[in-house]
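Down below is the structure, laid out as structure tokens.
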Amino acid sequence: MSQGLTEEQFLIERCDLNIQMNHSNHHTEQFGEDRLIVRRGHPFSITLLLSPDSKEFKAAETRLTFIVETGPLPRKDSDTMVSFSLSESTVDSEWSASANNQAGNRISVSINSSPDAPIGIYSLTVAQEMQKTFLGHFILLFNAWCPRDGVFMDSERKRQEYVLAQHGQVYRGTFKRIKGLPWNFGQFDTGILDICLKILDNNPKFVSDADRDCSARKNPIYVTRVLSAMINSNNDRGVLVGEWGDFTGGAHPGSWIGSGDILRKWAESGPVRYGQCWVFAAVACTVSRALGIPCRVVTNFGSAHDTDANLLIENFYDEDGERMSGGDSVWNFHVWVDSWMTRPDMGEEFSGWQTSDPTPQETSEGIFCCGPASVKAIREGELTKKYDVPFIFAEVNADIVDLVRLSNGEFIKFSGSTTSVGRFISTKAVGTDERRDITHHYKYPEGSTEERQVFEKQFPPGINKVFLILIFKIKLADNMSIGSNFEVNAILTNNCMKTKTCSFLFIARAVGYNGKQGESCGFASDKVEVPSGEERHLSLKLEYDSYGGVITSDRLIQLSAITIDKQTIDFHKAEKTIVLDEPDIGIKLLGEAKVDQPVTAHLTLLNSLPEPLQNCSFTIEGLGLTDGKVGTVGPKEEAKADIEFRPSSAGPSMLLVNFDSNKLKNIKSFINIFVQQ
């Protein structure tokens, strides 16, 4: 490896990077053993094998200088090139090295990286006077185990969950029917880390100033903000194309069950079609965990999209109760990620979980990105803090106001809510597949003095008050599975002192999870007279023949009950969104799961529809993609498949199953399994 040495120099024949031992010490063994991957701020060891002709090694008399470099233009001023000499011991706060004569011609060297070093691919070189010897490459990641790293977590259980766990749950549905979607993050899968680093190298800031960008990768705040822009493709050739309507030319967002396929497709051919919020968030979680940033996927039920930054969601109606186009929207759910880090730019009190959102909703500093915003700043209403706190504060805190446009053009407020936004904010619990409610992290309890005080920091009291003289309640059926016919009821109670006469409307309409309304699938109306203290009921039967052809794959129906009294200019409204239950997938392993040994999964699903399902198939993901085609399944018949697969690694894992057909799409389930060696 080296030539032209003087008598005082050593001839290094080979360098052993001790990959297996270092990976075990740095919690990177799941990446495999083909190259060295370490976490910053923690020492790793290498072994220098000297030529038998080299002189005896004595650490105190040896002048060896190690050089580490990262990025295309390494510079000392940017901390992308660092040189350091052997010393008696390593130093925790900076790059350093120490050595001892291990045995004969083998020198063991301990190298400690700075806990503030930029992450990325590094070269390692040793210099003796004017002679340099290349020792190898290594990848440096953030380190949640290092107290001096900005992403340090002091709980091993949380580090296992938020850095090392490869499977998780993403919550969807409505706040009354929350359902976990199993997801394979797969951050340790072969090739994924390289793709994550490629994402950083493709971001516009790297393209415009590679030196500055690589230097800034020491900061998890910077890296997280870059990722929130690069997971979507709106301003660059990022990972995913967002689509909420026409999915021609790509995969339906609901078909994805893991991040690996998406990231590999992006690396091969650019932006992947298509994603929606939970897909953007899950991929961002994969990339963050791969780079060493603790990360969790978070779902906000009743998530406001405040387009005009007034912290109010304004819904506009005409005098006949028809919803007018435009205005703000409330998503049935919205999914983002929280990443764990300190915030030296804001103050220690704002450290901890930071929200970032890669779904392209609004621009920030001219780019479709959002965050990282301190969860503590969101809860306290500190809207001047970086980054994008006002937008996320509105997502969990905005008040809803319903306004009707009169024939003279005037708008009057007739209904609203201070409690419909930001409900049951959910993430997977540490160490289990249970849901954890973290609403209290983002906001004080609804209606509490603290919650109103935080909101009224932005607006004076009284802007959100709504006084009702008619009380609405929508009562749902017990069984609301897709394919069934069921009845819902609107109940109107008159709590004023006089009899009320009004038009009573009950409307059912398909709706997307992002609040976008579709076609009507049910309507009932009546002219009612309601004496003081009494109630009236209006029933609406929802039949599969009416809703089956108009609902989206989200399986959501929005119910709206409206009363109209044009003479007294009196309008009232109640609204509820229902999610139709889907059939369950039965999963049974026929034998023990062992590494590289075939095992069969027996899969079943009952067709709940009153019509045949065509092009039915099961897919197993996460342990080697495997398909099981079933064909056509008649009404109330069972789809069955036996699929053989071979687990590739030992230990606990998750078997993820997807069912697809022409009518029932993207139905998912899972079981936890343990793979024997």
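Yeah, the Cβs are placed from backbone N, Cα and C, and that goes for glycine too.
As recorded in TrEMBL, the features of this protein are as follows:
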ACT_SITE  Cys277  active site
ACT_SITE  His334  active site
ACT_SITE  Asp357  active site
BINDING   Asn397, Asp399, Glu446, Glu451  Ca(2+) binding site
DOMAIN    269-360  domain 'Transglutaminase-like'
Cβ neighbours of Glu451 (Ca(2+) binding site) where a neighbour is any other Cβ within 10 Å: 19
Per-residue pLDDT averaged over the domain 'Transglutaminase-like' (269-360), given as an integer: 91
Distance, His334 (active site) to Asp357 (active site) (CA atoms, angstrom): 10
Lowest local Cβ density (other Cβ within 10 Å) among recorded positions: Asp357, Asp399, Glu446: Glu446
Distance from His334 (active site) back to Asp399 (Ca(2+) binding site), taken between C-alpha atoms, in Å: 17
From Asn397, Glu446, Glu451, the binding-site residues whose CA lies within 10 Å of that of His334 (active site): none
Cβ-centroid neighbourhood (8 Å) of the Ca(2+) site, Asn397, Asp399, Glu446, Glu451 excluded: Ala398, Thr418, Thr419, Val421, Gly422, Lys443, Gly447, Arg452, Val454, Phe455
Number of Cβ atoms other than its own within 10 Å, given for His334 (active site): 26
Among Cys277, Asn397 [recorded positions], residue with fewest other Cβ within 10 Å: Asn397
